[in-house]
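Copied from TrEMBL, the annotated features are:
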type	residues	note
DOMAIN	6-129	domain 'Phosphotransferase system enzyme I N-terminal'
DOMAIN	159-230	domain 'PEP-utilising enzyme mobile'
ACT_SITE	His194	active site, tele-phosphohistidine intermediate
DOMAIN	256-545	domain 'PEP-utilising enzyme C-terminal'
BINDING	Arg301, Arg337, Asn459, Asp460, Arg470	phosphoenolpyruvate binding site
BINDING	Glu436, Asp460	Mg(2+) binding site
ACT_SITE	Cys507	active site, proton donor
Amino acid sequence: MSLALHGIGIGGGVAIGHAHLISHTDIEIAHYTVRPEDIAGEVARYDSAVKTARQELEMLWGSIPENAPTELGAFLSLHIMLLNDQTLSVEPKEIIEKRKCNAEWALKLQLDTLLAQFDEIEEEYLRERRTDVIQVTERIFKTLAGHDMAMHTPAPTDRDSILVAHDLSPADMVLFKDSEYLAFITDVGGPTSHTAILARSLDLPSVLALRHARSLIHEDELIIVDGVNGVVIVDPDERTLTEYRARQDEWSERQARLQDIRTSKPITQDGIEIELFGNIELPEDTDQVLENNATGIGLFRSEFLFLSEDDLPTEQEQYEAYRAVAEQMNGQPVIIRTIDLGKDKIPKWQEETDAPNPALGLTGIRLCLAEAQLFRTQLRALLRASAHGKIKLLVPMLSHVGEVRQTRRHLEEVKTQLRLEGIPFDEHIELGGMIEVPAAAFTVEHFLHHLDFASIGTNDLIQYTLAVDRNDDAVSHLYDPVHPAVIRLLHHVISTCNRVGKPISMCGEMAGDPALTRLLLGLGLRRFSMLPARLLKVKEQVLSTDLSRIKPLIVRLLEADDIETLWQVMEELQA
Ligand code: PEP
Ligand code: MG
């Protein structure tokens with residue numbers, strides 16, 4: 001009988017194929033007492049299992065395909081780090097000695113303790129790292145039992161296989177990248193889990209958090225995966241199949257059609273030229289921005305250079321990274337955001353935060369102004385790199401005008417130092433500010449006195465305006481980019497910037513959502529910055545938009561005082 005399951009859709013279109021179930025990794029754990037004279041041998045057996053597991057992970061690290069998403073390396077290194085941590089590399093051996101038990105049982109006791117600690121954690125990102133600990137211990141268990149972990153993600157049995165798993169570890173994903181699965185679905189995985197992040201970058205149809213997929217779906221059963229709507233249909237009837245085959249064809253045609261506009265200029269039907277920029281997290285993402293013919297880089301989230309390393313990157317390392325991007329962009333603008341750490345972005349070298357509410361704590365520019373040395377080192381690296389391309393600076397999380405003034409003071413002092421040292425830099429480097437806190441949005445004109453340009457960060461602006469944690473799936477239904485309060489704020493910021501003649505762009509996820517492109521164009525936005533994979537979809541919307549037609553709709557939208565009118569106008573905008 002046909003059955004529909006609902007989860008979190010990660011995109012990538014529609015796939016129709018046969019289920020291939022990955023066996024659950026739960027293992028029966030044996031428990032036995034070890035004789036005192038055998039304890040040393042048992043400890044050595046544990047040591048050897050950890051060593052083998054580490055070698056396996058390092059081997060996987062070395063075999064990451066060149067075109068694999070950059071996150072893969074980061075996730076594998078996280079697993080290697082967990083394996084090296086003394087909670088897994090040392091403490092289980094102490095348990096073996098103390099309890100005179102076998103290595104498996106010692107590891108199980110240690111895992112139970114660690115998981116109990118994770119259950120106490122409220123912060124979603126850290127709670128999701130619980131899965132990493134399970135995956136790493138499973139690897140040690142399997143090594144103790146003499147199994148090869150590479151078997152965990154077997155090759156597809158057929159060319160139309162869809163992988164059905166309880167969860168996929170980053171190491172599985174490395175293998176998965178090279179395999180020929182059409183799609184994958186999992187029982188677990190929050191919206192910020194590793195699996196979700198990787199799924200987005202792989203751009204294959206995928207649905208997560210289906211909860212019981214593995215028990216409801218049988219091996220080889222025909223399934224449809226709709227990654228756009230987060231739906232999985234098990235054993236579909238002929239009519240449903242026909243419907244989804246048509247959607248599949250539509251999707252492929254659309255993807256192919258998009259390539260036709262790769263080199264077209266983004267100009268509306270009535271001749272208004274729009275600028276489309278790419279967002280990057282690491283220098284290697286620049287290729288994708290160029291491949292999609294973007295105007296430049298509208299947001300380089302520089303803090304990612306600080307997240308993936310064990311130590312703080314030096315001035316020279318930062319300089320080389322910024323310079324590489326500037327040179328690759330060859331004179332096209334590169335907007336580099338100064339470090340936006342804090343909240344969920346805590347680097348390895350920093351103490352875990354015990355702030356009661358990190359999203360409202362020492363984050364973004366607040367952290368930089370509190371850690372002047374960290375900030376000035378970055379400013380030096382950025383200024384030095386500015387001699388090699390069109391770099392602009394962008395300051396995150398502004399809420400007080402004083403923060404811009406202080407930033408300018410630091411910038412001027414670093415410039416003076418460089419001049420004295422005879423180091424070249426762009427004397428006219430522009431300074432922009434992120435408008436992502438409602439306070440800055442309401443009073444944007446005050447900020448504009450001190451800024452060369454502004455960029456709207458809708459991800460945070462929506463979270464703070466609606467009091468909805470952007471990472472918490474429990475309230476994700478309330479995270480509404482077209483809430484009237486959000487639209488009015490956007491309108492205020494965009495029209496104020498346009499009135500005073502300061503360039504305004506948007507670099508939050510809203511800018512890359514083609515369903516919202518016309519709304520934003522109607523609100524007066526002319527510069528959009530987004531994930532490179534979204535560039536052509538948004539360009540397609542720009543090319544088909546007649547601004548004179550949508551202007552009256554925007555007036556109605558801004559006046560709408562009920563949700564029905566708002567949605568009706570949104571529909572008319574898309575017509
Ligand atoms: C935003 O908040 O919209 C933004 C672009 O910054 P981030 O997503 O890095 O917080
Ligand atoms: Mg932000």
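From the backbone N, Cα and C atoms, a Cβ is placed for every residue, glycine too.
Automatic prediction, not curation, is the source of TrEMBL annotations.
Keep in mind that this is a model prediction, so the values were computed, not measured.
Applying DSSP to the domain 'Phosphotransferase system enzyme I N-terminal' (6-129) sorts its residues as follows: 78 helix, 15 strand, 31 coil.
Neighbours of Arg470 (phosphoenolpyruvate binding site), defined as other CB atoms within 10 A of its CB across all chains, total 21.
Per-residue pLDDT, averaged along the domain 'PEP-utilising enzyme mobile' (159-230), amounts to 76 for this model. Taking a C-beta cut-off of under 8 angstroms and a sequence separation of 6 or more, the residue listed as 'active site, proton donor' has the following same-chain neighbours: Phe277, Asn279, Gly298, Leu299, Met434, Ser455, Ile456, Gly457, Ser529, Met530. With a cut-off of under 6 Å between the Cβ and any atom of ligand 2, the binding-site residues Arg301, Arg337, Arg470 reduce to an empty set.
Residues Arg301, Glu436, taken from the binding-site residues Arg301, Arg337, Glu436, Arg470, are distinguished by a CB atom under 6 angstroms from ligand 1. Glu436 (Mg(2+) binding site) falls within neither a helix nor a strand when secondary structure is assigned with DSSP, and so counts as coil. Pairwise Cα distances among Arg301, Arg337, Asn459, Asp460, Arg470, which the record gives as the binders of phosphoenolpyruvate, peak at 20 Å. Cβ neighbour counts within 10 Å, taken over all protein chains shown, single out Arg337 as the most crowded of the binding-site residues Arg301, Arg337. Counting other Cβ atoms within 10 Å of each Cβ, the binding-site residues Glu436, Asp460 show the lowest value at Asp460. For Arg301 (phosphoenolpyruvate binding site) paired with Glu436 (Mg(2+) binding site), the C-alpha to C-alpha distance reads 15 Å.
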